[in-house]
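Look at Swiss-Prot and you will find Trp26, Ala58, Ile59, Glu60, Val80, Val81, Ile82, Asn113 tagged as 5-amino-6-(D-ribitylamino)uracil binding site. Residues or ranges marked as (2S)-2-hydroxy-3-oxobutyl phosphate binding site in Swiss-Prot (evidence: sequence analysis): Glu85, Thr86, Arg127. Annotation comment: Swiss-Prot describes His88 as active site, proton donor, evidence class sequence analysis.
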Amino acid sequence: MSGDGIPSLSVGDASGISLAIVASTWHDQICTALLEGAQRVATEAGIDRPTVVRVLGAIEIPVVAQALARTHDAVVALGVVIQGETPHFGYVCDAVTTGLTRVSLDTSTPVANGVLTVNNEQQAIDRAGLPGSAEDKGAQAAAAALDTALTLRRLRQPWA
């Protein structure tokens, strides 16, 4: 795990940003921890009530993220895909990653990919922001989405 080089998660005042979070319920303890990390960063940035939508699995995340990206300034996608014994893992990971990237580019809305793609459950726990976890990918994804939304807002302002 590369925890080296993690930037500050403080994004400053994002109170004018509308944030949505879509999180799967598969591996619920881990996904709920990711969601809590994202919500904590949102609160620290001045967003008291981000829109939260729960979906069953990771493969459902991109289409819901697309709907949310049409009505929000930033979207955070959270979930867990754990390697199994079949090629299904690769298909799901590719579909989710490609789907989220496409949504972000097609809508010009930041969609932060906080979907963990790991070899085993312990790797997911280590990244979920649970007690004893080395990282909090939910918090990191929220910070990335908010920071990018603020950057895009500045870039879109007419030059005086």
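Positions of Cβ are set from backbone N, Cα and C atoms, glycine also.
Features recorded in Swiss-Prot, as mapped to the structure shown.
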| residue | record | Cβ neighbours (10 Å) |
| --- | --- | --- |
| Trp26 | 5-amino-6-(D-ribitylamino)uracil binding site | 16 |
| Ile59 | 5-amino-6-(D-ribitylamino)uracil binding site | 19 |
| Glu60 | 5-amino-6-(D-ribitylamino)uracil binding site | 19 |
| Val80 | 5-amino-6-(D-ribitylamino)uracil binding site | 27 |
| Val81 | 5-amino-6-(D-ribitylamino)uracil binding site | 25 |
| Ile82 | 5-amino-6-(D-ribitylamino)uracil binding site | 17 |
| Glu85 | (2S)-2-hydroxy-3-oxobutyl phosphate binding site | 6 |
| His88 | active site, proton donor | 12 |
| Asn113 | 5-amino-6-(D-ribitylamino)uracil binding site | 24 |
| Arg127 | (2S)-2-hydroxy-3-oxobutyl phosphate binding site | 24 |
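When the recorded positions Thr86, His88, Arg127 are compared by Cα distance to Asn113 (5-amino-6-(D-ribitylamino)uracil binding site), the shortest distance belongs to Arg127. Summarising the environment of Thr86 ((2S)-2-hydroxy-3-oxobutyl phosphate binding site), the number of other Cβ atoms within 10 Å of its Cβ, over all protein chains shown, is 8. Summarising the 5-amino-6-(D-ribitylamino)uracil site geometry, the residues cited as binding it (Trp26, Ala58, Ile59, Glu60, Val80, Val81, Ile82, Asn113) extend over a maximum Cα to Cα distance of 16 Å. Here the candidates are the recorded positions Glu85, Thr86, His88, Arg127, and by Cα distance the one nearest Ala58 (5-amino-6-(D-ribitylamino)uracil binding site) turns out to be His88. Here the CA atom of Ile82 (5-amino-6-(D-ribitylamino)uracil binding site) lies 10 Å from the CA atom of His88 (active site, proton donor).
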